[in-house]
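See below for the structure under consideration.
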Amino acid sequence: MKVAVLGAAGGIGQALALLLKLQLPAGTDLSLYDIAPVTPGVAVDVSHIPTAVNVKGFSGEDPTPALEGADVVLISAGVARKPGMDRSDLFNINAGIVRGLIEKVAVTCPKACVGIITNPVNTTVAIAAEVLKKAGVYDKRKLFGVTTLDVLRSETFVAELKGLNVSRTSVPVIGGHSGVTILPLLSQVQYAKWNEDEIEPLTKRIQNAGTEVLNAKAGGGSATLSMAQAAARFARSLVKGLSGETVVECTYVEGDGKYARFFSQPVRLGKEGVEEILPIGPLSNFEQQALENMLPTLRADIELGEKFING
(Lines of atoms letter the chains of each structure in order from A and count residues from 1; the text may use other names and numbers.)
(Lines give C-alpha, C1' and ligand atoms only; values in the text may rest on other atoms or scores of the structure.)
Protein backbone atom coordinates (compact mmCIF):
# COMPACT_ATOMS: atom_id res chain seq x y z
CA MET A 1 0.00 0.00 0.00
CA LYS A 2 1.36 3.40 -0.95
CA VAL A 3 0.18 6.72 0.50
CA ALA A 4 1.29 10.01 -1.09
CA VAL A 5 1.06 13.42 0.61
CA LEU A 6 1.12 16.43 -1.74
CA GLY A 7 1.98 19.58 0.18
CA ALA A 8 4.20 17.71 2.64
CA ALA A 9 6.44 20.67 3.55
CA GLY A 10 3.60 22.85 4.84
CA GLY A 11 2.21 23.25 8.34
CA ILE A 12 -0.33 20.47 7.91
CA GLY A 13 1.89 18.40 5.61
CA GLN A 14 4.89 18.04 7.93
CA ALA A 15 2.71 17.14 10.92
CA LEU A 16 0.75 14.72 8.73
CA ALA A 17 3.98 13.09 7.54
CA LEU A 18 5.01 12.53 11.16
CA LEU A 19 1.63 11.09 12.16
CA LEU A 20 1.45 8.78 9.13
CA LYS A 21 4.98 7.49 9.84
CA LEU A 22 3.74 6.62 13.34
CA GLN A 23 0.25 5.39 12.50
CA LEU A 24 0.20 3.66 9.10
CA PRO A 25 0.39 -0.16 9.03
CA ALA A 26 3.81 -1.81 8.86
CA GLY A 27 5.06 -2.17 5.29
CA THR A 28 3.23 0.91 3.97
CA ASP A 29 5.16 3.18 1.59
CA LEU A 30 4.82 6.88 2.44
CA SER A 31 5.67 9.32 -0.34
CA LEU A 32 6.11 13.01 0.50
CA TYR A 33 5.96 15.73 -2.16
CA ASP A 34 6.08 19.51 -2.11
CA ILE A 35 7.34 22.17 -4.48
CA ALA A 36 9.67 23.35 -1.67
CA PRO A 37 13.27 22.04 -1.77
CA VAL A 38 13.10 21.11 1.93
CA THR A 39 10.79 18.14 1.24
CA PRO A 40 13.41 15.38 0.79
CA GLY A 41 14.81 16.58 4.12
CA VAL A 42 11.40 16.23 5.78
CA ALA A 43 11.39 12.63 4.53
CA VAL A 44 14.89 11.99 5.92
CA ASP A 45 13.86 13.55 9.23
CA VAL A 46 10.77 11.35 9.74
CA SER A 47 12.59 8.30 8.34
CA HIS A 48 14.72 8.27 11.51
CA ILE A 49 11.64 7.35 13.57
CA PRO A 50 11.69 3.57 14.17
CA THR A 51 8.51 2.28 12.53
CA ALA A 52 8.10 -0.10 9.58
CA VAL A 53 6.75 2.62 7.26
CA ASN A 54 9.07 3.38 4.32
CA VAL A 55 9.43 7.10 3.52
CA LYS A 56 10.66 8.88 0.39
CA GLY A 57 10.64 12.61 -0.33
CA PHE A 58 10.34 14.50 -3.62
CA SER A 59 10.46 18.20 -4.48
CA GLY A 60 10.28 20.39 -7.57
CA GLU A 61 7.61 21.32 -10.08
CA ASP A 62 6.49 17.79 -10.97
CA PRO A 63 4.83 15.46 -8.41
CA THR A 64 4.81 12.48 -10.83
CA PRO A 65 7.60 10.46 -9.11
CA ALA A 66 5.80 10.76 -5.77
CA LEU A 67 2.49 9.65 -7.29
CA GLU A 68 3.65 6.55 -9.18
CA GLY A 69 1.82 3.51 -7.81
CA ALA A 70 -0.06 5.46 -5.13
CA ASP A 71 -3.21 3.87 -3.67
CA VAL A 72 -4.11 6.91 -1.53
CA VAL A 73 -3.28 10.55 -2.33
CA LEU A 74 -3.77 13.28 0.29
CA ILE A 75 -3.64 16.87 -0.97
CA SER A 76 -2.82 19.54 1.61
CA ALA A 77 -0.93 21.90 -0.72
CA GLY A 78 -1.94 25.55 -0.85
CA VAL A 79 -1.98 28.67 1.28
CA ALA A 80 -3.40 28.67 4.80
CA ARG A 81 -5.97 31.02 6.27
CA LYS A 82 -4.80 34.16 8.01
CA PRO A 83 -6.79 36.30 10.45
CA GLY A 84 -9.62 38.15 8.72
CA MET A 85 -9.77 35.63 5.86
CA ASP A 86 -12.47 33.04 5.46
CA ARG A 87 -12.02 29.81 3.55
CA SER A 88 -13.42 31.34 0.35
CA ASP A 89 -10.66 33.99 0.35
CA LEU A 90 -8.28 31.10 -0.26
CA PHE A 91 -10.11 30.09 -3.39
CA ASN A 92 -8.24 32.17 -5.95
CA ILE A 93 -4.84 30.70 -5.00
CA ASN A 94 -5.74 27.19 -3.93
CA ALA A 95 -8.10 26.41 -6.82
CA GLY A 96 -5.23 26.56 -9.31
CA ILE A 97 -2.93 24.51 -7.08
CA VAL A 98 -5.50 21.72 -6.68
CA ARG A 99 -6.27 21.72 -10.41
CA GLY A 100 -2.59 21.31 -11.30
CA LEU A 101 -2.01 18.47 -8.84
CA ILE A 102 -5.19 16.60 -9.81
CA GLU A 103 -4.18 16.81 -13.48
CA LYS A 104 -1.03 14.87 -12.51
CA VAL A 105 -3.05 12.36 -10.43
CA ALA A 106 -5.34 11.77 -13.43
CA VAL A 107 -2.35 10.73 -15.56
CA THR A 108 -0.11 9.00 -13.00
CA CYS A 109 -2.42 7.17 -10.57
CA PRO A 110 -6.00 7.53 -11.87
CA LYS A 111 -7.32 4.67 -9.71
CA ALA A 112 -6.03 6.11 -6.42
CA CYS A 113 -8.37 7.26 -3.66
CA VAL A 114 -7.89 11.03 -3.32
CA GLY A 115 -8.50 12.95 -0.10
CA ILE A 116 -8.71 16.73 -0.48
CA ILE A 117 -7.59 18.71 2.57
CA THR A 118 -6.88 22.02 0.80
CA ASN A 119 -9.49 24.67 1.60
CA PRO A 120 -12.09 25.69 0.64
CA VAL A 121 -12.96 21.96 0.60
CA ASN A 122 -16.59 22.57 -0.44
CA THR A 123 -15.17 23.99 -3.68
CA THR A 124 -11.82 22.23 -4.20
CA VAL A 125 -13.49 18.79 -4.25
CA ALA A 126 -15.76 19.97 -7.07
CA ILE A 127 -12.67 21.24 -8.93
CA ALA A 128 -10.96 17.86 -8.51
CA ALA A 129 -14.06 16.02 -9.76
CA GLU A 130 -14.33 18.15 -12.90
CA VAL A 131 -10.60 17.77 -13.70
CA LEU A 132 -10.83 13.98 -13.32
CA LYS A 133 -14.01 13.94 -15.40
CA LYS A 134 -12.33 15.90 -18.22
CA ALA A 135 -9.50 13.36 -18.15
CA GLY A 136 -12.04 10.52 -18.41
CA VAL A 137 -10.98 8.90 -15.12
CA TYR A 138 -13.50 10.22 -12.57
CA ASP A 139 -14.79 7.59 -10.15
CA LYS A 140 -16.97 9.22 -7.52
CA ARG A 141 -16.25 6.35 -5.11
CA LYS A 142 -12.62 7.48 -4.94
CA LEU A 143 -12.79 11.23 -4.32
CA PHE A 144 -13.20 12.56 -0.78
CA GLY A 145 -13.25 15.89 0.98
CA VAL A 146 -11.54 15.38 4.33
CA THR A 147 -14.01 16.81 6.86
CA THR A 148 -12.75 14.67 9.75
CA LEU A 149 -11.56 17.71 11.71
CA ASP A 150 -15.19 18.78 12.22
CA VAL A 151 -15.83 15.33 13.73
CA LEU A 152 -12.76 15.51 16.00
CA ARG A 153 -13.73 18.95 17.25
CA SER A 154 -17.32 17.85 17.84
CA GLU A 155 -16.18 14.79 19.80
CA THR A 156 -13.82 16.92 21.91
CA PHE A 157 -16.26 19.73 22.67
CA VAL A 158 -19.21 17.40 23.39
CA ALA A 159 -17.15 15.20 25.72
CA GLU A 160 -15.86 18.28 27.58
CA LEU A 161 -19.31 19.81 27.95
CA LYS A 162 -21.06 16.59 28.97
CA GLY A 163 -18.29 14.92 30.98
CA LEU A 164 -18.18 11.93 28.62
CA ASN A 165 -15.28 9.60 27.82
CA VAL A 166 -13.95 11.29 24.66
CA SER A 167 -12.62 8.01 23.22
CA ARG A 168 -16.18 6.65 23.23
CA THR A 169 -17.90 9.81 22.03
CA SER A 170 -19.10 9.71 18.43
CA VAL A 171 -20.66 12.72 16.70
CA PRO A 172 -21.77 12.52 13.07
CA VAL A 173 -21.17 15.79 11.18
CA ILE A 174 -22.95 16.40 7.90
CA GLY A 175 -23.03 19.06 5.17
CA GLY A 176 -19.80 20.73 4.13
CA HIS A 177 -16.56 22.01 5.65
CA SER A 178 -16.99 25.72 6.31
CA GLY A 179 -19.11 27.91 8.54
CA VAL A 180 -22.84 27.26 8.40
CA THR A 181 -22.36 24.21 6.14
CA ILE A 182 -20.84 22.29 9.08
CA LEU A 183 -23.71 20.59 10.94
CA PRO A 184 -22.91 18.36 13.94
CA LEU A 185 -25.84 16.03 14.68
CA LEU A 186 -25.78 16.52 18.44
CA SER A 187 -29.20 14.88 18.82
CA GLN A 188 -27.60 11.57 17.75
CA VAL A 189 -24.86 11.55 20.42
CA GLN A 190 -25.33 8.61 22.79
CA TYR A 191 -25.57 9.30 26.55
CA ALA A 192 -25.86 13.08 26.03
CA LYS A 193 -28.98 14.88 27.24
CA TRP A 194 -29.28 18.40 25.87
CA ASN A 195 -30.88 21.58 27.13
CA GLU A 196 -32.32 23.80 24.41
CA ASP A 197 -29.87 26.59 25.28
CA GLU A 198 -26.80 24.36 24.75
CA ILE A 199 -27.33 23.22 21.17
CA GLU A 200 -27.00 26.47 19.24
CA PRO A 201 -23.87 27.84 21.02
CA LEU A 202 -22.11 24.47 20.73
CA THR A 203 -23.02 24.14 17.04
CA LYS A 204 -21.65 27.65 16.43
CA ARG A 205 -18.46 26.85 18.35
CA ILE A 206 -17.88 23.78 16.17
CA GLN A 207 -18.61 25.78 12.99
CA ASN A 208 -16.20 28.55 14.01
CA ALA A 209 -13.50 26.42 15.63
CA GLY A 210 -11.03 27.14 12.84
CA THR A 211 -11.34 30.85 13.55
CA GLU A 212 -10.89 30.13 17.27
CA VAL A 213 -7.47 28.61 16.47
CA LEU A 214 -6.54 31.40 14.03
CA ASN A 215 -7.24 34.05 16.63
CA ALA A 216 -5.49 32.13 19.41
CA LYS A 217 -2.35 31.84 17.25
CA ALA A 218 -2.48 35.64 16.80
CA GLY A 219 -1.59 35.59 13.12
CA GLY A 220 1.05 32.89 13.56
CA GLY A 221 -0.79 30.12 11.75
CA SER A 222 -4.02 28.19 11.33
CA ALA A 223 -5.25 24.82 12.64
CA THR A 224 -2.39 22.67 11.36
CA LEU A 225 -1.84 20.09 14.12
CA SER A 226 -5.45 19.09 14.73
CA MET A 227 -6.02 19.07 10.95
CA ALA A 228 -3.03 16.77 10.49
CA GLN A 229 -4.43 14.33 13.07
CA ALA A 230 -7.83 14.47 11.36
CA ALA A 231 -6.22 13.72 7.97
CA ALA A 232 -4.14 10.91 9.49
CA ARG A 233 -7.26 9.33 10.96
CA PHE A 234 -9.04 9.55 7.61
CA ALA A 235 -6.02 8.12 5.78
CA ARG A 236 -5.86 5.21 8.23
CA SER A 237 -9.55 4.54 7.69
CA LEU A 238 -9.11 4.60 3.89
CA VAL A 239 -6.15 2.20 4.11
CA LYS A 240 -8.17 -0.14 6.34
CA GLY A 241 -11.09 0.00 3.91
CA LEU A 242 -8.86 -0.69 0.90
CA SER A 243 -7.41 -3.64 2.84
CA GLY A 244 -10.88 -5.16 3.24
CA GLU A 245 -11.89 -3.95 6.70
CA THR A 246 -15.24 -2.24 7.23
CA VAL A 247 -14.83 1.35 8.43
CA VAL A 248 -17.32 4.21 8.69
CA GLU A 249 -16.23 7.86 8.52
CA CYS A 250 -18.06 11.10 7.78
CA THR A 251 -16.62 12.49 4.56
CA TYR A 252 -17.59 14.88 1.75
CA VAL A 253 -18.46 12.82 -1.34
CA GLU A 254 -20.65 12.84 -4.42
CA GLY A 255 -23.81 10.91 -3.60
CA ASP A 256 -27.38 10.87 -4.87
CA GLY A 257 -27.63 14.66 -4.96
CA LYS A 258 -30.58 14.76 -2.54
CA TYR A 259 -29.13 17.77 -0.70
CA ALA A 260 -26.28 18.88 -2.97
CA ARG A 261 -23.99 17.23 -5.53
CA PHE A 262 -21.33 16.82 -2.81
CA PHE A 263 -22.35 16.29 0.80
CA SER A 264 -20.62 15.08 3.94
CA GLN A 265 -22.29 12.23 5.77
CA PRO A 266 -21.36 8.81 7.20
CA VAL A 267 -19.80 6.61 4.53
CA ARG A 268 -18.80 2.95 4.67
CA LEU A 269 -15.31 2.65 3.21
CA GLY A 270 -14.07 -0.48 1.47
CA LYS A 271 -11.94 -1.92 -1.33
CA GLU A 272 -13.34 0.49 -3.95
CA GLY A 273 -13.29 3.57 -1.73
CA VAL A 274 -16.93 4.44 -1.02
CA GLU A 275 -18.79 1.15 -0.53
CA GLU A 276 -22.02 2.70 0.74
CA ILE A 277 -23.29 6.15 1.64
CA LEU A 278 -25.23 5.75 4.87
CA PRO A 279 -28.40 7.66 5.79
CA ILE A 280 -28.02 10.76 7.95
CA GLY A 281 -30.66 9.44 10.34
CA PRO A 282 -33.30 11.37 12.28
CA LEU A 283 -32.74 15.11 12.79
CA SER A 284 -34.00 17.40 15.52
CA ASN A 285 -36.06 20.43 14.49
CA PHE A 286 -32.98 22.63 15.00
CA GLU A 287 -30.85 20.35 12.79
CA GLN A 288 -33.52 20.13 10.08
CA GLN A 289 -33.75 23.92 9.93
CA ALA A 290 -29.94 24.30 9.93
CA LEU A 291 -29.70 21.77 7.08
CA GLU A 292 -32.23 23.66 4.97
CA ASN A 293 -30.53 26.98 5.71
CA MET A 294 -27.05 25.78 4.68
CA LEU A 295 -27.94 24.26 1.31
CA PRO A 296 -27.89 27.47 -0.80
CA THR A 297 -24.37 28.24 0.53
CA LEU A 298 -23.13 24.70 -0.07
CA ARG A 299 -24.57 24.54 -3.59
CA ALA A 300 -23.02 27.90 -4.46
CA ASP A 301 -19.61 26.71 -3.19
CA ILE A 302 -19.85 23.61 -5.40
CA GLU A 303 -20.95 25.62 -8.44
CA LEU A 304 -17.94 27.92 -7.99
CA GLY A 305 -15.63 24.90 -8.34
CA GLU A 306 -17.47 23.51 -11.36
CA LYS A 307 -17.33 26.90 -13.11
CA PHE A 308 -13.62 27.26 -12.36
CA ILE A 309 -12.96 24.24 -14.59
CA ASN A 310 -15.82 24.43 -17.07
CA GLY A 311 -16.18 28.21 -17.40
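Every residue, even glycine, has its Cβ placed from backbone N, Cα and C.
When the candidates Asp29, Asp34, Asp139 are compared with the NAD(+) site entry in Swiss-Prot, which names Gly7, Ala8, Ala9, Gly10, Gly11, Ile12, Gly13, Asn94, Ile117, Thr118, Asn119, Met227, the shared residue is Asp34. Among the residues the record lists as binding NAD(+), namely Gly7, Ala8, Ala9, Gly10, Gly11, Ile12, Gly13, Asp34, Asn94, Ile117, Thr118, Asn119, Met227, the two farthest apart have Cα atoms separated by 18 Å. Spacing of Thr118 (NAD(+) binding site) relative to Arg81 (substrate binding site) is 11 Å (Cα to Cα, whole number).
If you measure from the Cα atom of Arg153 (substrate binding site) to that of Gly13 (NAD(+) binding site), you get 19 Å.
Neighbour list (Met227 (NAD(+) binding site), Cβ cut-off 8 Å, at least 6 residues apart, same chain): Ile12, Ala15, Ser76, Ile117, Leu149.
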